[in-house]
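To keep things clear, I will list the structure first and then write my remarks on it.
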């Protein structure tokens, strides 16, 4: 994979950088700037090299048209504060404002183009439409650096097509992500434990199938666990359940048994009367969830058991929270897993926190990011990497 060094002398050159600034917002306030901070090493490196840096990124899911609610204005402000230099924000993606903003840059300056998903060609399934937008990007720059790991699984104009038109390289963040994930997937030090959470089994089917041939232990929590419990014949009350996945999960349980992979499920659940922060709740056995209750976290016994398995592993990958960590009453399971990972890291294990929700949980629960070997910025991208899929935005950088 080509690196920034392979691009040669950059002073005076205009470099287009695809970053991942898809940060959570409360109105216009950024509630977690982790993805912006993760982009800083690459951007600072290009600034120090004297390049004119033009950043493109998306935020949220606007419907292919400008929408003030998804403007990158808060991102430009925060990025400027973190870089210690003003960041000019173009009022459009590749239009007159973008051209004026880029033309006004001096060596070492940084500009941000408006939300790339305001242009419907970015995510078009039509190759010609995407290429048209990519050509417009290429007119603005001399080289392209791909540094938005969270989008490398998408065949989009600013991720894939533009790399076919300009001298290109992987940014420092993308290189760090690929290096960390390869270490966990290609030749993991054993025991190798994978913790999977989040709401849906269907989002993790490919990952589970692939990991059943690689991991030593799979620990399952989050909303997806109720489909596993149902597959074992248990009643799960009003908990999240994907009935159409029960047979698939039964197959995974059988396959795990045959291949010697241990699947660890919670033995107790925090069950609530409703999905609410202040809902009355109780700890119940995982096979005795009341019919009128909804499971919102793994229980304390399970949290301790999961953490013990994690502490005994040499490689740990965690993707997805154990419960509704945004509500204090249902955050203990996620906190126990996070603590287990930091303990394992301190004991010399290689640990990866993957997925947007897991990374957000780690930060919101007050854990020091330095307590983990690697915190991935890619949700879907890291999942597809763990599945063993070819990611278009990475494959194009090999050419």
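Just so it is clear, glycine is given a Cβ too, placed from its N, Cα and C backbone atoms.
When the candidates 117, 311, 335 are compared with the substrate site entry in Swiss-Prot, which names 20, 21, 22, 35, 58, 59, 60, 61, 154, the shared residue is 117. For residue 357 (ATP binding site), the spatially nearest entry among the binding-site residues 20, 22, 58, 60 is 22, judged by CA separation.
Residue 358 (ATP binding site) sits 15 Å from residue 22 (substrate binding site), taking the CA atoms of both as reference points. Listed in chain order, the residues near the substrate site other than 20, 21, 22, 35, 58, 59, 60, 61, 117, 154 are 57, 115, 150, 151, each with its Cβ within 8 Å of the site Cβ centroid. The Cα of residue 117 (substrate binding site) lies closest to that of 356, out of the binding-site residues 204, 295, 326, 356. Around the Cβ of residue 357 (ATP binding site), a 10 Å sphere holds 19 further Cβ atoms from the protein chains shown. Note: the CA-CA distance between residue 326 (ATP binding site) and residue 22 (substrate binding site) rounds to 19 Å. Checked against residue 58 (substrate binding site), the binding-site residues 204, 295, 356 differ in C-alpha distance, with 356 being the nearest.
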